[in-house]
Amino acid sequence: MASSSQKLISVCVAVLVVLALTAMIFRNSEISLSRKLKTEVIQSSNSSTMAAIRKLKTEEFQSLNSSTMAATRLDGEPQQQQHAVADDPDMVADEVAKLVQMSEQNRTARRKLGFFSCGTGNPIDDCWRCDRNWHKNRKRLADCGIGFGRNAIGGRDGRFYIVTDPTDEDVVNPKPGTLRHAVIQEEPLWIVFKRDMVIELKQELIMNSFKTIDARGSNVHIANGACITIQFITNVIIHGLHIHDCKPTGNAMVRSSPSHFGWRTMADGDAVSIFGSSHIWIDHNSLSHCADGLVDAVMGSTAITVSNNHFTHHNEVMLLGHSDSYTKDKLMQVTIAYNHFGEGLVQRMPRCRHGYFHVVNNDYTHWEMYAIGGSAEPTINSQGNRYAAPMDRFAKEVTKRVETDASEWKKWNWRSEGDLLLNGAFFRPSGAGASASYGRASSLAAKPSSMVDTITSTAGALGCRKGRPC
């Protein structure tokens, strides 16, 4: 009996030891996993998102030659721009939606682990602004693009160029250290500024391909003269500028590359003029008071994102499409996201022709005539915007079909989905309502309109300072 009892006790002890060891191993594994998760979140809360973006950009942009300008003849433009149009826009929209979802999941993980999150729900800003060392990794911005212009890499693959001189004395032989000297170079460049400056351009600033103008950390104004021309080139990022009081200039010789200068006829006085170009991203700029448009994209331009900008005090804000008869603009795809259309605006936010336009999560607080207009059968997909109508009871309608009979425009695909309409604002839809009809005008997942105030709260040029989250 004693021997049996001793055996039973031994078996019980062995079982208890095994259970204890198992529990200890499980607990250690759980702690290790938790620590690993926290470490990964601290190191890069958006690592999965960034990797996916880089993979997407690399795959889609392999065919572009990073050292060659776009064609400089209209005859060659259709072939060039066709490559900028998504082969399967529905797939693109799904991919971008997945990236946004991953960003949301990363923020949720941070909150569960008790870490501070500076996320706003704006996927562009949440991609880079939380990093207090943003100035040490400026080129990360190029991996944060969304929408149809998301593949614009600007000067990501080139060296930095520091603008030290705000003058523009010689537009044919620009001085090294000036903005004009930087933007005409053939090589990719990431252009930054040594200090705050006001640049008064004598003639339009004609950019070359693969350039980023990055004014973060400095208060940079392009004002009281000519402004920016993006003509027959590709891959440009313009970020952080104050552009205002642009004037018509021209009838002068102007250099456009180290090896070429030529006669320029009169320019209209746009803040940013995009002409026959692709893969363009205009982000976090403050634009106002110009002679013609604030952002105009014409003559076969496509693959454009206009995001996080603050537009004020202007009549004809944004023109997308050259003319009703210029059918090459049928390939145009433009994303207009997270912008604030603010005080003193009248019309064209935007005014569209022919192509496909995704207007998403913008804040429209002021217009005098209308917000969104068009002609020549554009497809307009308005999602998650906030439209606050003016007090004028004759200007409550968000939309305007320009010089077109109702019998014709009723066939155009214009829809409002999830928009917040305030103070009597109303959006007049037309054409198809099914999502399938808007595949080529869909470029990212819209947030609820209730988030627009937060998403657009810092639209315009940012007051970034080194060593602090921007």
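We number each residue from 1, going along the chain as drawn.
Each residue, glycine too, has its Cβ placed from N, Cα and C.
Quantities reported herein were computed from a predicted structural model and do not represent experimental measurements.
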Ask   = Looking at Swiss-Prot, which one out of ASP268, ASP324 binds Ca(2+) in the same site as ASP292, ASP296?
value = ASP268
Query = If you count other Cβ atoms within 10 Å of each one's Cβ, which of the binding-site residues ASP268, ASP296 has the most?
reply = ASP296
Message = Suppose the Ca(2+) site is ASP268, ASP292, ASP296. Which further residues of the same chain have a Cβ inside 8 angstroms of that site's Cβ centroid?
response = ALA267, GLY269, ASP270, SER273, CYS290, ALA291, GLY293, GLU316, LEU319
Task = Would you mind reading off the Cα separation of ASP296 (Ca(2+) binding site) from ARG348 (active site), to the nearest angstrom?
result = 10
Ask   = Within 10 angstroms of the C-beta of ASP292 (Ca(2+) binding site), what count of other C-beta atoms is obtained when all protein chains are considered?
value = 19
Message = Just to be sure I understand the packing, how many Cβ atoms besides its own are within 10 Å of the Cβ of ARG348 (active site)?
response = 27
